[in-house]
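Visitor: Pasting a structure below so you can have a look.
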Ligand SMILES: Nc1ncnc2c1ncn2[C@@H]1O[C@H](COP(=O)(O)OP(=O)(O)OP(=O)(O)O)[C@@H](O)[C@H]1O
């Protein structure tokens, strides 16, 4: 008896979604009955509630769309706009006349049926029912695939397919599931290449089975700009594409060096542009570019780039400025007793972007190597794209690859190139991009991304780039005129942008912010000090702002006033070590480098 009752209640709960129309109908009549018995005068409450529901549906606030994404479809909204008044009318009429008055039960049941049909027939319900059946019959599927005893403990549908968590019999291992993938595809009756298995948790006898029904990578994925209202910061991860299961490829670039590698036409420049667009959306970043194709590639970004180098001579100057910047920041952090740079709007993270790294001169590569070793903690980061990062291409003696924290590997022509780009042993561990079809597809290795999941970058068109660059243009960028002159070799082609100092008065000075400009001016001051007016000019800030910091500095002993109205730092300028003297682990020609075991910047006591 109790068993039958339990089964009945269990089914009511289990099939709650299918039975939902009956529950609404009963719920509306019962609520009406309760109102009729105790508060018949409250009948306007459901009417007002329906009005509010219609208003919210018309307004479509963000939280609603996130909670019920299906409401993005007009058909679903239309259904909801009919359903809410129908329920409200049933409750209100039952409250006034009683739930069994006249034909109310019949008409309300008919209305319930009308709204139940689209509910039962909606697409995700059909998919859900199908996946539920798959889950229930999974024991047979597992048996056919040679994984006898395995059961699917949960399953859910996603945009592109479904996934289920599988527990195997003790004695079976995740590796058995990996080798059973073709058999699983056959047992599930799915297409070749549609089944993925991923390790979940530490339990070796568990895995996530993912079936991709609609390949999200089948067609290029259009660029999705950030909404104008959403504030972006480099301290948050950004989305550069979509994994093949439809999940976003979300990567943190905070204090990270980035390497993009792949064969020609694999989509390196496309991915570089997507990352650049995401970085441009972040207000707390500054971007310098090196484009040795005479500036043609980066010209559309001239509104965003603060510096642009188009030949090896200006590239060396730019990279030297990068080294100077990181040394200034390191000294500043040391003075403040801090170890890491936290990017802010006027103290941004600096990205130095280098397309076709192999084209850089030997001196330029040495400077880039120095930035790779020491720039991370002070948020001076490299963003490099190259075809084959062999030791020769990266520069003899370079340890640059080993310092790259985020690595994207697009299609490569030869399998060993995977290890060159992603690091030693990756190919053996299943990271293989040789068979990738279509540009923009990649594997990404970064913190928290330890399994090979195929991603595809958004396709950003020239029009998208122009729009992003205009929307997020920086007031101290290379101007269009200068960009044009660079490309045509005009009069100002020696222009190398701004790096702070008096010429930047009225704009945020350089890429380190007014705090550091103040510190530089105080540190470079003569023994008799400098007047406050000069400090205002160097920082672009007002008298009060400068005085406040001078007083704080005097209190903590870092600033002194040698004579009335004049100021200087108590610390003397440190002589930066020439970048060329940097030494570090050297990897073998063509062989993947050892991964860094600690923060490279830590060596410099920042
Ligand atoms: N994410 C993407 N989705 C679809 N198509 C893409 C994507 N990225 C790039 N493409 C297309 O692929 C082609 C090659 O792209 P791209 O120039 O970025 O490759 P590359 O690896 O930089 O080539 P090269 O080494 O010759 O400079 C272009 O036609 C581009 O439109």
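From the backbone N, Cα and C atoms, a Cβ is placed for every residue, glycine too.
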Visitor: Pick from 20-37, 110-127: which range does TrEMBL record as transmembrane segment?
Guide: 20-37
Visitor: Kindly point out the range from 43-64, 131-152 that TrEMBL annotates with transmembrane segment.
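Guide: My reading of TrEMBL: the transmembrane segment range is 43-64.
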Visitor: Once 262, 263, 264, 265, 266, 267, 268, 269 are set aside, which residues in the chain still have Cβ within 8 Å of the Cβ centroid of the ATP site?
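Guide: Leaving out the recorded residues gives 270, 387, 410, 411, 439.
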Visitor: Say we define neighbours as other CB atoms within 10 Å of the CB. Which of the binding-site residues 264, 266, 269 has the fewest?
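Guide: So among 264, 266, 269, the binding-site residues given, the one with the fewest Cβ atoms within 10 Å is 264.
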Visitor: Including all protein chains displayed, how many Cβ atoms other than that of residue 265 (ATP binding site) lie within 10 Å of its Cβ?
Guide: 11
Visitor: Could you say whether, by DSSP, residue 263 (ATP binding site) belongs to a helix, a strand or a coil region?
Guide: coil
Visitor: According to DSSP, does residue 268 (ATP binding site) sit in a helix, a strand, or coil?
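Guide: Note: residue 268 (ATP binding site) is helical by DSSP.
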